[in-house]
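Here the structure comes first, spelled out in structure tokens, and everything after it is commentary.
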Amino acid sequence: MAPPPRAYSPAEVRQRCAQGACLVLRGRRLYDLSGFVRLHPGGEQLLRERAGSDVSAALEGPPHRHSRNARLWLEQYYLGESLLETEKPVNSTAQTTNHRMDPRCKTVDPDKDLVDWHKPLLWQVGHLGEKYDEWVHQPVDRPIRLFHSDFIESLSKTAWYIVIMVWIPVVLYLSWFCYTSLAQGTTRLFSSFTTEYSIPVHKYFFPFIFMLGMFLWSLIEYLIHRFLFHMKPPASNYYLITLHFLLHGQHHKSPFDSSRLVFPPVPASLVIGFFYTLLRLLLPEAVGMSMFVGGLFGYVVYDMTHYYLHYGSPKKGTYLYGLKAYHVKHHFEHQKSGTCPFLFLPPHLPHPPGLVV
């Protein structure tokens, strides 16, 4: 039988706040969000403003709404019970809210979960069947191990800066190669079909072909993300469930696993190699390479932006602040919506309704 939760007096809470802890109260349940504060969708400053440095603000905070998954997430930081005798909203004009936990929300206990978190998950998730879709969209704050082999596991994750170190030199070299190739004046479109109506491609076209590559990458990523990554695999198909978890389900299950927020170079090189070969077959070398390098650069920008949306703290009111709110809504409220082509995102995204950021 589990021991009863510890009770914390107001003096103990003041002491923790004075030491820099970020505490939040829901009903009489006290949570320590110190480890989550820099990951908060609205940034560290906003969360600390809402938690406050004094006990009343830290324990009460203004009434606001979070999604079901956000409340599920909160349970991972449960600290104990508060001994406050009364609980009032900070804003006296606000309506009184029901502080009890949503009955649909259950604490995510890794030791009692549908899978064994002490073993690699990839080969387990396919057995979840009909329970997989709900399980994978209940996020947890812990790293994921996919494979038994340490070597293969190491290839399945990476630090964010490795993406820059590997691919930016490739982008720079190929950009120089494409520009100098086009500068020779020998590149023509449709020359393999006709010489009379072939179109010369000058070096001044390179920036436009480069941007076209970025545009195509954005569109392709959107289509893959929308229709492959967010497909609902048949409950009876072990292999499709496993494939879905490998491609994208793992990210929704553990959205703050920092080693799995960007595409690792080894598997990425397989996908990148496919598009490189396709463009080389369809277009003249210099044109195909120019479009390819634009797409590659678009991928790097996309991956770095995605990492920042999970770990960065953009300033309130900025474009990135709205973009982070939009992306967090995708993870915690409407996982099967909230995707759109990266380059098509509006300059000022509205705050998602029902989500505090």
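Keep in mind that glycine also has a Cβ here, set from the backbone N, Cα and C atoms.
According to TrEMBL, the domain 'Cytochrome b5 heme-binding' annotation covers 5-83. Averaged across the domain 'Cytochrome b5 heme-binding' (5-83), pLDDT in this predicted model comes to 62.
What TrEMBL records for His40, His66 is heme binding site.
Long-range Cβ contacts of the transmembrane segment (159-184) within its own chain (Cβ-Cβ under 8 Å, at least 6 residues beyond either end) map to 201-203, 205-206, 209-210, 258-259, 261-265, 268, 285-286, 289-290, 292-293, 296-297, 299-300, 303-304, 307. Marked as transmembrane segment by TrEMBL: 159-184 (among others).
Taken from TrEMBL, the feature transmembrane segment covers 204-224 (among others).
Summarising the annotation, TrEMBL assigns Zn(2+) 1 binding site to His225, His230, His248, His251, His252, His306, His310, His327, His331.
The transmembrane segment feature in TrEMBL is assigned to 261-283 (among others). Same-chain neighbours of the transmembrane segment (261-283): 155-158, 160, 162-163, 166-167, 189, 251, 289, 291-292, 295-296, 299, 303-304, 306-307, 310-311, counting only residues six or more beyond its ends whose CB sits under 8 Å from a CB of the stretch.
As annotated by TrEMBL, transmembrane segment applies to 289-309 (among others).
Marked as Zn(2+) 2 binding site by TrEMBL: His330.
In this structure, the binding-site residues under consideration are His248, His310, His331, and the one with the smallest number of other Cβ atoms within 10 Å of its Cβ is His248. Candidate binding-site residues: His225, His252, His330. Fewest other C-beta atoms within 10 angstroms, His225.
Proximity of distant same-chain residues to the transmembrane segment (289-309), defined by a Cβ-Cβ separation under 8 Å and at least 6 residues beyond the stretch ends, is recorded for 160, 163-164, 167-168, 170-171, 174-175, 177-178, 181-182, 205-206, 209-218, 220-221, 261-263, 268, 272, 275-276, 279-280, 283, 320, 323-324, 327-328, 342-343.
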